[in-house]
Amino acid sequence: MEPVMVVMFAMCLLFFLYQLYKVSDERRNQCCYLVHYECHKPSDDRKLNTKFCGDIVSRNKILGPQEHKFLLRAIVSSGIGEETYGPRNIIECRENSPTVEDGILEMDEFFIDTLDQLFRKTGVSPQEIDVLVVNVSSLTSVPSFTSRIINHYKMRDDIKSFNLSGMGCSGSLISLSLVQNILKSYKNVYAIVATSESIAPNWYSGNDKSMMLTNCLFRSGGCSFLLTNKTSFKARAKLRLKYLVRTHLGSSDEAHTCCVQKEDDQGRLGFYLDKNLPKMATLAFIKNITGIAPKVLPLKELIRYIVMKYLGNMATLNLKAGIDHFCLHPGGNAVIEEIRKNLGLTEKDVEPSRMTLHRFGNTSASSLWYVLGYMEAKKRLKKGDKIWMISFGSGFKCNSCVWEVLRDLEDGNVWGDIIDGYPPKTTTNLIWNSMVGLIKRQSSELSSQPEVYDE
């Protein structure tokens with residue numbers, strides 16, 4: 001072989017190896033690692049126990065016996081426990097006259113609590129953060145919440161910040177999707193996502209049954225988490241993002257209007273939940289599964305499903321063939337139970353979601369992280385396990401992602417001092433049940449009119 005040919009062959013080989021290294025390096029730096037997350041546990045003086053919730057209901061003088069009965073029945077069936085948290089204006093009996101400052105104070109308490117702990121536990125300083133994403137669905141401020149955080153922690157002036165609103169309970173995974181795309185474009189990035197919901201200015205004080213349910217479910221909370229694509233953090237990271245699929249049915253009028261923030265006939269602001277919401281949630285969920293199942297399930301399970309479908313038999317996907325843990329949005333007992341049945345899950349599979357709903361309530365977009373925290377505190381997350389996070393949001397949206405556990409996890413987080421008491425023998429609130437019985441006896445003398453809105 002002539003020397004020229006040898007040189008050309010060597011150059012081609014080197015070029016091929018360089019391109020191979022470049023592709024490998026790019027793929028390696030496009031990973032999205034979850035380094036740490038911190039859930040917010042408000043102070044005990046913000047707890048909404050049975051007696052206090054009863055006082056709140058009693059303060060609403062426009063509620064008649066039928067509305068009282070409906071509201072108490074909804075609370076009993078919601079799965080909410082005795083120790084969820086509310087904003088200070090409700091604790092101070094000011095739910096009818098909230099101020100902008102009430103909502104901002106609620107968010108500031110969450111931001112400072114979780115971010116202080118996040119920086120302390122990870123050893124990453126605020127000045128090292130490259131990307132900041134804040135997701136608060138139903139409250140905005142000027143300057144934005146991201147600006148408030150940047151000012152408080154004196155972050156760099158070249159930080160990329162994003163302030164998301166209106167995303168509903170699915171906002172957390174939307175924020176995650178945004179960060180994932182940034183990590184694919186830039187190397188060695190630290191990103192923080194802070195996700196919460198402001199309850200303070202959004203408490204409904206009217207008597208429209210289709211707008212009263214949110215008071216029964218939504219509670220104060222939030223979560224901040226640190227993400228990076230730095231390969232040096234792989235050994236320290238808890239999870240690696242494998243797949244993320246987003247589904248949006250906003251082009252359908254029926255889906256778009258099934259969950260809306262609006263005023264009732266008397267001008268009272270609240271969230272309207274349409275009877276078509278379960279139908280739209282199911283449709284969005286099915287479409288989302290269609291997108292994510294081929295990514296997570298083993299080939300033999302997909303082939304089995306296709307063959308069964310072709311033969312005309314009843315074919316169902318065994319999602320547990322590719323998933324070890326199910327992190328379901330704790331939107332309410334009915335939501336959890338419906339997903340459990342549709343996916344063929346056991347009670348143990350949905351236990352983390354039920355217990356999160358019982359202890360912390362529905363904290364909107366941050367709820368998923370309390371569910372994840374329960375799994376970790378119970379020491380169920382082992383290296384190599386796959387976790388499927390599923391969230392729903394107004395619009396109507398269904399977003400889900402799959403994480404891979406990078407090491408055995410056992411951090412107690414917000415569950416640390418109470419985890420041994422879960423699950424309790426029963427999540428039924430006997431006090432609420434007795435109150436419902438009393439209301440029923442009172443209302444039976446006044447009216448036998450059937451409910452117009454079934455919870």
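Every residue gets a Cβ built from N, Cα and C, even glycine.
Automatic, uncurated: that is what TrEMBL annotation is.
Database features (TrEMBL):
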type: SIGNAL; residues: 1-25; note: signal peptide
type: DOMAIN; residues: 26-308; note: domain 'FAE'
type: ACT_SITE; residues: Cys169; note: active site
type: ACT_SITE; residues: His248; note: active site
type: DOMAIN; residues: 322-404; note: domain 'Beta-ketoacyl-[acyl-carrier-protein] synthase III C-terminal'
type: ACT_SITE; residues: His325; note: active site
type: ACT_SITE; residues: His329; note: active site
type: ACT_SITE; residues: His358; note: active site
type: ACT_SITE; residues: Asn362; note: active site
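Feature annotations (TrEMBL) mapped to structure.
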{"residue": "Cys169", "record": "active site", "DSSP (3 states)": "helix"}
{"residue": "His248", "record": "active site", "DSSP (3 states)": "strand"}
{"residue": "His325", "record": "active site", "DSSP (3 states)": "strand"}
{"residue": "His358", "record": "active site", "DSSP (3 states)": "helix"}
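Comparing the Cα of His358 (active site) with the Cα of every entry in Cys169, His248, His329, these being the active-site residues, the smallest distance points to His329. A distance of 9 Å separates the Cα atom of Asn362 (active site) from that of Cys169 (active site).
Ranked by Cβ neighbours within 10 A across all protein chains shown, the active-site residues His248, His358 are led by His358. Taking Cα separation as the measure, Cys169 (active site) is nearest to His329 of the active-site residues His248, His325, His329. Scoring each of the active-site residues (His325, His329) by how many neighbouring Cβ atoms lie within 10 Å, the top position goes to His329.
Each residue contributes its Cα atom, and for His248 (active site) and His329 (active site) those atoms are 17 Å apart. Using a 10 Å Cβ-Cβ cutoff, Cys169 (active site) registers 27 neighbours.
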